[in-house]
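Below is one structure, written out as C-alpha cells, with a few remarks after it.
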C-alpha cells in the first residue's frame, strides 16, 4: 500500500483510471489480493473435501434402496447415463465458476449481476438443509453413545418404552428356516427404541403440537454444532485437514462392514436381490427419473459447496481431472455401500425367515431401525454397531462442513472488510443461530418438522436454481466466453461433450425432473401420520421462496441501473468491471486488472458509460467487441 500511495503522490495529475502500464512502473503488481481470503494448504485438501462432501449419508441409505426398487442391476444403466448427461457436466461447471473467480455463491454473480438472486436462493436452501442435516448427525451421535455398552439397548423388549406389540424377532425355526413365531402385527425392539425412546414421538399430537424438548437430543445437537464449529474455525485451513480423516476413514469402515457382511450366511440372498437385473424396468420413465434424482442430490450440485471449495483453489488447479475422480468415485462408493447393506439384510431375512423386501427400507428407517436390528444378530454386536454409526458420523460431518463453509464464505465475500478479519466469530454466530433454529427438531414431534424440511427445502427450488445457473452462464454470459475462461485457467477448452450438455442436455434433463416432480407431487407423510394442509402449504412456500429470490434479485439489479428497461437489462446482465481472476498475475487479455492498461478497453467503456467522463475509448471498444464476435463465429463454424 505504501508503494501505491507513493505512486499517487508522484503523479497527482493523472487519475488511476487513465494511467498506462508505463505510468505504473513503481506500483507493486505482485500484491496477493486474495491472501487474506485463504487457500487450501495441501494438495489433497480440495479433492478430499469434495469426496467427503459428495459421499454422504445418501450413498448408504438411499442409493441401495433406489437400485433394488428400480430394476436392480439394470438401474446402473440409467444411473451412469444420467451421471454423464447431468452429473459430470454440472459438477465441472460449478467448479470452474468457483476456481476462475475465487468467489463464493453470492459474489460469483459478478459474472452477471442480473442473476445474483440465484446465489441468494442457494444460501437459503443450504441454510435450511444445514439445520436439519445436523439433527441427523445428532441422532447418529445418540446411537454412537448408546453403542458403548455390553448389550445394545434395542436388543430386547421389556424396557419402559416398549409396548405389548414388541416382539424379539428371534427364536425356534421350522424346517424351511422360517420363524415359528407370528411376526404380523408385531414391532421389533429396534423400531420401538427409535420411535418411542429416541424420538419419543408418542409425546406429540402432530406437527402443530411438537411437545417438549428432549434434553438428550438437545445435548447431542449441541455437540454436533460444537464439532462442526471447531472443524471450520479457521475456514478451509482447518476443515481441509480434518477431511484427511473424515473422508478416508469411512472407506475403511465400509470395507470392514462389507467383508463381515459377505461372510454371513444368507448374504448372497441379499446381494442377489440387490443386483439381479430386471431390464423391463428400463421401459418406464420412473426409473430414469429416479436415476437422475440420485445423481443430482448425491453430487450436491446447486448447493454452492462445490463452488465454495473450488474458490479456494489455486488458479491452475486441474479441476477437470478432479471432476472425474470425485464423480466416478462417488458412484463406485454408492455401489459398494449397496453390497455392504444388502449382504447384512440378506442375513437378516434368512434369520427371520422372511423375504428381503420385507426388511429392506430407505432413509432413517434403514439407518436407525433395520441395520441396528441386524447388528443385534451378530457376535460382538456393540462393536459393529459402533463402527456403523461412526461411519455415518464421518460421512455426515463432511457434508455439514461444506454447508457451513458455503454460508460463511458467501457472506464474508460480500462484506470482506467487515467480516473477513472476524471470520471465526461470524462462523460461531452462524452455528449458534442454526442451533437455536434447530431446537424444534429436538422436541417429541421434531421428526415431523425434519420430514417437512427434507421434503421441501431442497426439492423443486434447487432444480430451478441449477437450471437458472446453467442458462445464465451458457446463454447470457456466453458459452464461448465461458470456454475461453476455462482455457485461460486450465490450458484447454472444454470439448463438444461438455458444451452440448451445458447448452442442451443438462438443462433439458433438469427441466424434465422439475416437471415430473410437480406432476407426481405427493403430500408429506411419516408412517401413518398425514401432514395437515397448513404444513403442506408451509412446505410449498419454503420451496417457492428460494425460486422467488431469482426474480427479486433481477428486480434489484435492474433498479440499480439507468436508462430504459431494455438498457437496464443489458447493463445488469453484463459482467461486472472487476469480474475475472482474483490475482493480478492471472488477469490476462480482457481481464487485466488495471483498466487503462487492459488489452481491451471494453471495461473502461462500461465504466465511462455508467459514471460519465471521457468516451474516446468507445470506438476502439466497439472494434474489439466486433473482433470477439467474429472469433466466436469462426470457432462455431
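One is the number of the first residue shown, and numbering goes on along the chain from there.
In case you wondered, yes, glycine gets a Cβ from its N, Cα and C as well.
Any TrEMBL annotation is an automated prediction that lacks curation.
Residues annotated as transmembrane segment in TrEMBL: 46-64 (among others). Long-range contacts of the transmembrane segment (46-64) within the same chain: residues 40, 136, 236, 239-240, 243-244, 246-248, 250, 274, 294, 297-300, 305-306, 309-310, 312-313, 317, 322, 325-327, 329-330, 333-335, 337-338, 341-342, 362-364, 366-367, 391-392, 395-396, 398-399, 401-402, each at least 6 residues beyond the stretch ends and with a Cβ under 8 Å from a Cβ of the stretch.
Look at TrEMBL and you will find 52, 55, 59, 298, 330, 395, 398, 399 tagged as Na(+) binding site. In the structure as shown, the Cβ atom of residue 398 (Na(+) binding site) sits within 10 Å of 25 other Cβ atoms.
Through the fold, the transmembrane segment (76-97) approaches residues 67, 108, 111, 282, 287-288, 290-292, 294-296, 299, 301-302, 306-307, 309-310, 319-320, 322-324, 326-327, 331, 335, 466, 469-470, 473, 482, 485-486, 489, 494, 497-498, 501-502, 505-506, 509-510 of its own chain, all at least 6 residues removed from its boundaries and within a Cβ separation under 8 Å. Taken from TrEMBL, the feature transmembrane segment applies to 76-97 (among others).
The list of residues near the transmembrane segment (118-145) in space but at least 6 beyond its ends in sequence, with Cβ under 8 angstroms from a Cβ of it, reads 57, 105-109, 198, 216-217, 220-221, 223-225, 228, 302-305, 364, 367-368, 372, 385-386, 389-390, 392-393, 396-397, 399-400, 403-404, 406-407, 410-411, 434, 437-438, 441-442, 446, 449-450, 453-454, 457-458, 461-462, 464-465, 468-469, 472, 542, 545-547, 549-550, 552-553. According to TrEMBL, the feature transmembrane segment maps to 118-145 (among others).
Summarising the annotation, TrEMBL assigns disulfide bond to 157-166. Listed in sequence order, 157, 186, 187, 188, 189, 192 are the same-chain residues at least 6 apart in sequence whose CB falls under 8 Å from the CB of residue 166 (disulfide bond).
Residues of the same chain lying 6 or more positions beyond the ends of the transmembrane segment (213-233) and with a Cβ under 8 Å from any Cβ of it are 134-135, 137-139, 141-142, 145, 198-200, 239, 242, 397, 400-401, 404-405, 408, 424, 427-428, 431-432, 434-435, 438-439, 441-444, 446. Marked as transmembrane segment by TrEMBL: 213-233 (among others).
Per TrEMBL, the feature transmembrane segment maps to 242-268 (among others).
Residues or ranges marked as transmembrane segment by TrEMBL: 288-312 (among others). Counting same-chain residues at least six beyond the ends of the transmembrane segment (288-312), those with a Cβ under 8 angstroms from any Cβ of the stretch are 37-40, 46, 49-50, 53-54, 56, 58-59, 62-63, 66, 70, 75, 78-79, 81-83, 86-87, 90-91, 94-99, 101-105, 108, 119, 122-123, 125-126, 129, 236, 282, 319, 326-327, 330, 334, 399, 402-403, 405-406, 409-410, 458, 462-463, 465-466, 469, 509-510, 512-513, 516.
What TrEMBL lists as transmembrane segment is 324-348 (among others). Within its own chain, the transmembrane segment (324-348) is flanked in space by residues 47, 50-51, 54-55, 59-60, 63-64, 67-68, 76, 79-80, 83, 87-88, 91, 251, 254, 257-258, 261-262, 264-275, 294, 298-299, 356, 359-360, 366, 370-371, 373-374, 377, which lie at least six positions past its ends and keep a Cβ under 8 Å from the stretch.
Annotation source TrEMBL lists transmembrane segment at 383-404 (among others). Same-chain residues lying 6+ beyond the ends of the transmembrane segment (383-404) with a Cβ under 8 Å from its Cβ atoms: 49, 51-53, 55-57, 59-60, 126-127, 129-130, 133-134, 136-137, 140-141, 143-144, 147-148, 152, 224, 227-228, 231-232, 239, 242-243, 245-247, 249-250, 253-254, 256-257, 260, 300, 303, 305, 308-309, 367, 371-372, 375, 427, 430-431.
Taken from TrEMBL, the feature transmembrane segment covers 425-450 (among others).
Under the heading transmembrane segment, TrEMBL lists 456-477 (among others).
Feature annotation from TrEMBL assigns transmembrane segment to 497-519 (among others).
According to TrEMBL, the transmembrane segment annotation covers 539-559 (among others). Remote same-chain partners of the transmembrane segment (539-559), defined as residues 6 or more beyond its termini with a Cβ less than 8 Å from a stretch Cβ, comprise 113-121, 124-125, 128, 452-453, 455-457, 459-462, 464-465, 468, 524, 531, 565, 568-569, 572.
Counting Cβ pairs under 8 Å to the transmembrane segment (456-477), the stretch among 242-268, 425-450, 497-519 with the most such contacts is 497-519.
Take the mean position of the Cβ atoms of 52, 55, 59, 298, 330, 395, 398, 399, the recorded Na(+) site; other residues of that chain with a Cβ within 8 Å of it are 51, 53, 54, 56, 57, 58, 333. Within the same chain, the residues at least 6 positions away from residue 399 (Na(+) binding site) whose Cβ sits under 8 Å from its Cβ are 52, 53, 56, 57, 133, 300, 305, listed in sequence order. Using a 10 Å Cβ-Cβ cutoff, residue 55 (Na(+) binding site) registers 28 neighbours. Residue 52 (Na(+) binding site): 29 other CB atoms within 10 A of its CB, across all protein chains. For residue 298 (Na(+) binding site), the Cβ neighbour count at a 10 Å cut-off comes to 23, with all displayed protein chains included. Taking the Cβ of residue 330 (Na(+) binding site) as centre and 10 Å as the limit, one finds 25 other Cβ atoms among all the protein chains shown.
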